[in-house]
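Okay, so here's the structure we're looking at.
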Amino acid sequence: MTKHVAVELLPLEVFRRSRRRGGHDLIFGIASQILQMGSGLIILPIVIATLAPHEVGFWYVFMTIQSMVYLLDFGFVPTISRNFNYIFAGADVIHSDRLPTQTKQGLVNLSLLQGLLTSSRNVYRLMALAVGLGLGTIGSLYINKLVQDSPPIANIWLDWGFFGAALVFHTYYQWQISVLTGADRIRETYEVAIVSRGFQVVVSIIGLAIVPSVTTLVVAYVLSALVMRLHLYFCMRDILRRVKTVPHLNFAAQLDLFMTLWTNTWRQGVVLMSFFLIGRFNVLVIAAYLGVVASGQFSIAAQALLAITGVAHVLANNAYPKIVNAKVHADFQRVKKLLSAGAVFMWTAYICGAICLIALGPFLISLLKDSTALPTTQVLLLMAFAGFVESNLQLFCHVITADNKVPFLWAYIISGTLITAGNILAGQFGMPLEAFVLIQICVQLCYNAWRWPLMALHDSHLRLHEIPRLSVRGLRSLLSSS
């Protein structure tokens with residue numbers, strides 16, 4: 001437990017931006033997720049048209065490694081932003097394993113806010129260092145194996161170096177996304193993604209038309225990371241200005257706050273690494289055993305499903321800070337409405353998106369280039385079902401963590417280990433693509449797929465049959481919120 005005497009209290013509205021929200025936030029969220037999760041798909045036509053199949057495969061291996069790091073980011077961002085949620089909900093005390101019990105609704109403890117800002121920076125410094133070490137060692141060894149087993153690509157090691165540096169840079173500055181999310185300034189996080197990813201897409205398309213190479217795609221990504229940093233500076237400066245004059249906590253208090261923050265942060269980080277082993281590691285195994293061309297085909301489908309998942313979670317992401325606030329103040333009726341709206345929107349959007357991918361995806365890809373294709377319809381169906389299971393789990397596990405607990409840690413570690421071992425064995429025995437997806441589905445259905453959604457419903461006092469009715473009320477509440 002971390003307790004701080006309030007040096008100064010400010011009204012919550014001081015930290016809120018005055019602007020229209022509701023339905024506009026949903027539109028911004030969808031656009032953000034399309035660009036953030038689907039930027040690789042948007043540039044896919046020109047990538048396929050201008051690069052050789054082995055170059056396409058290499059680029060999507062880069063994208064898979066990027067998604068691994070982003071999953072780590074997404075694990076830390078909700079955990080740290082949740083603690084900012086507690087502060088902006090009026091907390092004077094932050095616990096490592098439960099909700100705050102002492103709150104001053106509508107007031108922000110600046111001493112606690114300033115301390116958490118410092119601690120979050122330190123957490124992300126450690127994470128950026130870990131990412132850099134991982135990319136420089138294990139990542140480089142993996143890329144070296146692929147280079148030896150595929151046709152030569154010009155400047156591939158230079159590309160890898162700049163790509164890794166940009167990933168480390170991106171990782172560190174996610175602490176500012178955590179702050180904005182915790183302050184319920186979700187729209188600004190969407191704007192950051194739209195501007196930076198949009199810039200990357202434009203530069204990639206123009207660049208590939210002039211110089212078709214993997215290097216062009218890497219340069220576009222590096223520049224987008226710099227644009228992200230610039231935009232975050234303008235989003236964060238009012239918050240940083242408010243705490244600039246607040247005295248820093250002494251070393252003991254700051255260390256106590258850091259350890260409180262770290263308790264669930266490392267757990268969530270391990271869960272997200274397990275999530276990567278469950279849903280993304282098979283791309284790397286396929287590349288190692290079946291080649292980068294097969295991996296490229298599988299990765300394109302995985303990237304499409306990731307984009308669909310991102311869009312499907314927009315409403316739930318908008319609702320999450322409000323769910324945390326409602327749980328702090330024990331307003332379970334509001335929790336039920338918000339969770340129901342997020343769940344129904346996610347289910348509907350994901351199923352519609354997956355149907356479109358399976359029905360139209362292979363045909364659209366075939367129009368671009370004869371040498372590149374999606375996996376078979378059978379594999380796509382299995383991937384879509386596996387993606388739905390993971391998307392559903394992601395939603396309900398996220399809600400469980402609103403109570404400042406991570407009870408699914410060991411379940412995810414065990415599942416990730418089993419699926420990883422199964423994928424490697426499947427590669428060793430030369431099994432087809434279907435086997436990699438079936439391994440994931442079977443392991444998850446044994447426990448995780450049903451255990452954690454049921455816990456989330458129980459903890460939220462929500463029954464399954466109530467979801468359709470309450471989802472309508474929750475949607476109205478989100479679209480009309482101000």
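Backbone N, Cα and C define each Cβ position, glycine as well.
The annotation transmembrane segment is assigned in TrEMBL to 26-52 (among others).
TrEMBL lists 58-77 (among others) with the feature transmembrane segment.
Positions annotated as transmembrane segment by TrEMBL: 123-143 (among others). Within its own chain, the transmembrane segment (123-143) is flanked in space by residues 61, 65, 69, 72, 76, 80, 156-157, 160, 164, 167-169, 171-175, 258, 261-262, 265, 269, 284, 288, which lie at least six positions past its ends and keep a Cβ under 8 Å from the stretch.
Among the features that TrEMBL reports, transmembrane segment is placed at 155-173 (among others).
Outside the transmembrane segment (269-292) by six or more residues, the chain places 54, 57-58, 60-61, 64, 67-68, 71-72, 74-76, 127, 142, 145-146, 149-150, 298-299, 302, 386-387, 390, 394, 397, 406, 408-409, 412-413, 415-417, 419-420, 423-424, 426-428, 430, 433, 436-437, 440, 443-444 with a CB less than 8 A from a CB of the stretch. Annotation comment: TrEMBL describes 269-292 (among others) as transmembrane segment.
According to TrEMBL, the feature transmembrane segment maps to 338-365 (among others).
Per TrEMBL, the feature transmembrane segment maps to 377-397 (among others).
The transmembrane segment annotation in TrEMBL covers 409-429 (among others).
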I need to check the long-range neighbours of the transmembrane segment (155-173): which residues 6 or more away from its ends have a CB within less than 8 Å of a CB in the stretch? 58, 62, 65-66, 69, 72-73, 124-125, 127-128, 131-132, 135-136, 139-140, 143, 147, 213-215, 218-219, 221-222, 225, 228-229, 232
